[in-house]
Amino acid sequence: MSQGGYAVVDVDDEINDQGNGLEFKTFLPTDSNAPRATSPSPPDVPYSPFNLAYYQTYFDVDTNTVLKRVGMAMIPRSGFIAENCDGQIDLYGPFWTLTTLILVLYITSTLLSSITQYLQSSHASSNLPLLSTAVSVIYFYGLGLPALLWGATKWLGVGEWGVVEALGLYGYSMGVYIPVSLLCLIPVGILRWVLVFGGAASSGYFLVQNIYPVLASADNKMTRLLIIAVIALHGGMALAIKVLFFSNSTIGPDPIPDPMS
């Protein structure tokens, strides 16, 4: 009934005794029986190529960890994923490494071209096609090639690694070319060859040390021959970096001149 604008509700105290009423229970924050909203942990997230929550776990890494892993990848040795990545490699670091390398290659090569044009008293111009070349070459090698390698190993029956491990190893291996690209600002042709292929030797040895044990674990012995393709393609990548980005404005002999000139 209503009294003075208020609604008065009569509650029968014996409702609960008759079993026809509702029983209310209040959970305190410290009550262990209280239901809590939880998000699935990384192992509980189901795999799906369209499940963004699954990929989020591979980008949950801080900058200091990424820089440490990039530095450790410059010291070629086996067991990189187990020792330096705690058994689970990330994808943010490799993508950051490849993107940074693209920008460094474009900036250093453009700067060298601008200096050369200035010394020749010609008009300096930007070379935007070189940026698209850097994007195509670096992303294909750092993302497309390891995906193809992983597909080949799956087809040959290698099941001890996933596509994330392949992408991570290739991405981190390219980190050594960032300081190499900066040092290639020195306009000495022979020195640039030494720097580029010195970086190729370091990163290539890193790849061999971490990929060959996976290939050797397969029952199919022919799988081990894939390491030859890994080494050959890595050498071709180093040659492409030298020819496309650091063949201009040199002092001394250079076996391969600037193809853009």
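Placed from the backbone N, Cα and C atoms, the Cβ positions cover glycine too.
Note that this is a predicted model, so its numbers are computed, not measured.
Per TrEMBL, the features are as follows:
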DOMAIN    88-239  domain 'Yip1'
TRANSMEM  95-116  transmembrane segment
TRANSMEM  128-149  transmembrane segment
TRANSMEM  169-186  transmembrane segment
TRANSMEM  224-245  transmembrane segment
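Within the same chain, residues 94, 97-98, 101-102, 105-106, 109-110, 163, 166-167, 169-171, 174, 211, 226, 230, 233, 237, 240-241, 244-245, 260 sit at least 6 positions outside the transmembrane segment (128-149) and bring their C-beta atoms closer than 8 Å to a C-beta of that stretch. Averaged over the domain 'Yip1' (88-239), the predicted model reaches a pLDDT of 88.
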